[in-house]
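Novice: Sharing a structure here in structure tokens format.
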Amino acid sequence: MRAKFGPQSNSHEEGYDKVTWTTDVETHPPWLRFHLGISRWELYNRKDPNLAQLTHYLATQHILGSVQKKGGTQLKLLISFPNYGQALLKPMKQTRHAETDVNLFYFSDFERHNAEIAAFHLDRLLGFNRIPPVVGRLINVTTEIKEITTDRRLSKTFFTSPAGNVCFYGQCEYYCSVEHPVCGQPHMLEVSLATMLPDLTIAPRRSWRSPWRRSYSRTKLAQWEKDPAYCDTVKQTPPYNQGTRLVDLIDMAVLDFLMSNMDRHHYETFEQFGNNTFLLHLDNGRAFGRHSQDEPSILAPLQQCCRIRRSTFLRLRLLSLPDFRLSDIMRESLTQDPLSRVAPLLSEPHLSALDRRLAKVLQVVQTCQEKHDDVIYNDIEGHDQGPRSAVTA
């Protein structure tokens with residue numbers, strides 16, 4: 001798949017910048033450089049200077065358009081920028097210190113804007129680089145959504161609350177009602193903005209049902225919850241019977257356990273790279289809901305398969321040391337986000353929970369090593385790079 005640019009394009013739509021992109025990467029906006037840098041093994045290189053430019057652009061660019069994004073169960077908006085970039089917006093629904101109600105099922109929980117931001121930072125600190133860059137931002141609900149939206153369904157849901165705050169609720173399956181509005185204070189609203197992946201017409205993605213998907217039922221259990229030997233079946237089933245797909249899935253389970261995300265029913269990969277590629281860690285809004293307890297079932301892939309990448313294991317051990325404690329590194333990383341100037345993105349109890357859960361992951365690995373000889377999958381000796389990018393200039 002190729003992104004084609006003329007030597008000096010004269011395309012210029014109302015409100016958008018004049019396009020002057022060429023095949024020279026220096027002429028490309030940050031979002032396009034991000035797209036072109038996606039490789040078989042990761043969304044971005046941790047040393048890529050474009051990452052800082054991209055997050056700065058998300059946090060500061062003038063917002064040209066706001067419409068509701070179709071699909072999904074909760075409210076999210078598609079934001080457009082003058083340089084043709086786009087971002088996925090998730091609004092603040094509850095305070096940083098609010099914990100998920102213990103009586104709520106995992107599939108009924110709120111999506112949290114700060115969870116999306118924190119998940120990006122955690123994924124990066126673990127060395128995965130599989131979540132598109134996310135940044136927090138304060139936006140004006142009136143001037144940056146209500147007054148510029150062309151979405152009639154969305155515009156009909158705006159109102160002023162009895163407290164004088166500008167609110168809206170959109171249309172979706174859960175929590176899109178007058179009883180569950182998104183409100184500014186009185187106009188300003190905290191949101192997360194996630195970089196959009198390349199359009200599906202340019203870089204098609206395949207959606208895979210997770211073998212450890214939950215039942216999404218109030219009464220039924222999934223097969224993996226009833227069968228301790230469930231992984232034996234998974235390991236004989238393509239694509240988990242060869243390559244790195246199984247340890248990739250276990251990486252994702254480790255990430256989800258650390259941030260207490262039970263809502264991982266599907267995952268995606270880029271079709272161009274076939275089965276030998278990384279998994280996209282998308283849609284993390286239901287993470288970091290409860291810091292006071294852990295959900296051991298999220299670690300079922302690791303517990304049942306007793307397999308983990310050497311690189312992941314070494315990173316986890318490093319982050320358990322006093323000088324590199326995960327909570328400390330995470331706290332420092334989150335201070336780079338613009339919303340940290342308003343309030344910490346994660347409360348101290350959530351940060352402490354990361355250390356507690358990390359110790360539990362390492363304990364599971366140790367238990368596995370006491371029973372099996374082939375727990376550590378050596379992925380450090382190098383691998384075939386294959387096609388460099390999902391989108392090639």
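Note: Cβ is positioned from N, Cα and C throughout, glycine not excepted.
Remember, TrEMBL labels are computer predictions, not curated facts.
Feature table excerpt (TrEMBL):
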- Gln74, Lys90, Glu111, Ala194, Thr195, Met196, Leu197, Glu268, Asp283: ATP binding site (BINDING)
- Glu111, Asp283: Mn(2+) binding site (BINDING)
- 158-373: domain 'FAM20 C-terminal' (DOMAIN)
- Asp263: active site (ACT_SITE)
Novice: Could you tell me the C-alpha distance between Asp283 (ATP binding site) and Asp263 (active site) in angstrom, no decimals?
Specialist: 9
Novice: How many Å lie between the Cα of Thr195 (ATP binding site) and the Cα of Asp263 (active site)?
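Specialist: About 21 Å separate the Cα atoms of these two residues.
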Novice: Tally every other Cβ atom lying within 10 Å of the Cβ atom of Gln74 (ATP binding site).
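Specialist: A count of 19.
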Novice: Within the domain 'FAM20 C-terminal' (158-373), what mean pLDDT does the predicted structure show?
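Specialist: Computed over the domain 'FAM20 C-terminal' (158-373), the mean pLDDT is 96 on the 0 to 100 scale.
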Novice: What is the separation, in Å, between the Cα atoms of Glu111 (ATP binding site) and Asp263 (active site)?
Specialist: 10
Novice: Whose Cβ, among the recorded positions Glu111, Asp263, has more other Cβ atoms within 10 Å than any of the rest?
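Specialist: Compared across Glu111, Asp263, the most Cβ atoms within 10 Å surround Glu111.
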Novice: Among Gln74, Lys90, Glu111, Ala194, Thr195, Met196, Leu197, Glu268, Asp283, which the record lists as binding ATP, how far apart in Å are the two most distant Cα atoms?
Specialist: 20
Novice: Please list residues from the chain of Leu197 (ATP binding site) whose Cβ is under 8 angstroms from its Cβ, counting only those at least six apart in sequence.
Specialist: His35, Pro132, Ala203, Arg205, Leu280
